[in-house]
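Noted in Swiss-Prot for the protein shown:
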type     : residues      : note
DISULFID : CYS120-CYS273 : disulfide bond
CARBOHYD : ASN61         : N-linked glycosylation site
CARBOHYD : ASN131        : N-linked glycosylation site
CARBOHYD : ASN310        : N-linked glycosylation site
CARBOHYD : ASN329        : N-linked glycosylation site
TOPO_DOM : 1-8           : topological domain 'Cytoplasmic'
TOPO_DOM : 27-333        : topological domain 'Lumenal'
TRANSMEM : 9-26          : transmembrane segment
Amino acid sequence: MVSKSRWKLLAMLALVLVVMVWYSISREDRYIELFYFPIPEKKEPCLQGEAESKASKLFGNYSRDQPIFLRLEDYFWVKTPSAYELPYGTKGSEDLLLRVLAITSSSIPKNIQSLRCRRCVVVGNGHRLRNSSLGDAINKYDVVIRLNNAPVAGYEGDVGSKTTMRLFYPESAHFDPKVENNPDTLLVLVAFKAMDFHWIETILSDKKRVRKGFWKQPPLIWDVNPKQIRILNPFFMEIAADKLLSLPMQQPRKIKQKPTTGLLAITLALHLCDLVHIAGFGYPDAYNKKQTIHYYEQITLKSMAGSGHNVSQEALAIKRMLEMGAIKNLTSF
């Protein structure tokens, strides 16, 4: 006959097992709820100021007073010089920047500026977008932000065809601006170094091209309308690096860690928009050497060696934003 103490032990073990199973299920549901936001049949309500309030909690002492794009009037008479050099400020690059701002623009399109509540999606370049069929849903957002040279032509079913803004830097400008963008797309230069300003000036003014000072040769011919070019305020790079990744603003020359264009775009969207969704973010696990990282090309994590990006640290930052509801994800993360 089984003793009472034996029965008590078995009952306790069974209870522990039930609790463990319940906790596992609840955690799995919570993970899905936090990090994967299926496309709703109806538009999600857009609450004015929602992203701003979440950003304030995320970034601390945060203000929307900063302009999104650098403006000529702020550099014609510089009253408060920037504290940092590129990519976190413009210290030492003011004269070159002034020439670029004189031939580009800094305005936000009226159709975006006039929106009472701005619904935005940041479309990453991740492999998760392949066969996602998110194209129609992406096209319905007020603002669609794309990154670098990610193609649209041929992938419309998965990534959509609308492009409000495309963030790029010289080395990532290897795309046809007329094929991969819309006629009114804003091409937003993310400057990492003074040579980036020099490059865009020579392209737009048809001056002698610069070939040195880049880790990859940028285009020498680039058919764009100067009035579609914007220069991103380095403030957003500073916020992404400092508040999201805790990177020091002054780093040894050999280290030079910096945020990816994707994390930078999310930071920008939280400043510009009232509702922020993301799609196509995330990288394979470090041990997965064969999984491609982009939806449009066959390259792996190995290609990011020496890039100065800490993708694991960025993943934690994005998950933190997802957990607090500052952003929502249209693809798994």
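Glycine too: its Cβ is placed from the backbone N, Cα and C atoms.
Small disclaimer: the values here were computed from a predicted structure and weren't measured.
Mapped onto this structure are the features recorded in Swiss-Prot.
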residue : record                      : Cβ neighbours (10 Å)
ASN61   : N-linked glycosylation site : 6
CYS120  : disulfide bond              : 27
ASN131  : N-linked glycosylation site : 10
CYS273  : disulfide bond              : 27
ASN310  : N-linked glycosylation site : 17
ASN329  : N-linked glycosylation site : 23
Exercise. When the Cα of CYS273 (disulfide bond) is compared with the Cα of each of the glycosylation sites ASN61, ASN131, ASN310, ASN329, which one is closest?
Worked result: ASN329
Exercise. Quick one: Cα separation, ASN61 (N-linked glycosylation site) versus ASN131 (N-linked glycosylation site), in Å?
Worked result: 40
Exercise. Can you tell me the mean pLDDT for the topological domain 'Cytoplasmic' (1-8)?
Worked result: 61
For this session: Could you measure between ASN329 (N-linked glycosylation site) and CYS120 (disulfide bond) for me? Cα positions, answer in whole angstrom.
Result: 12
Exercise. In whole Å, how far is CYS120 (disulfide bond) from ASN310 (N-linked glycosylation site) when you measure between their Cα atoms?
Worked result: 25
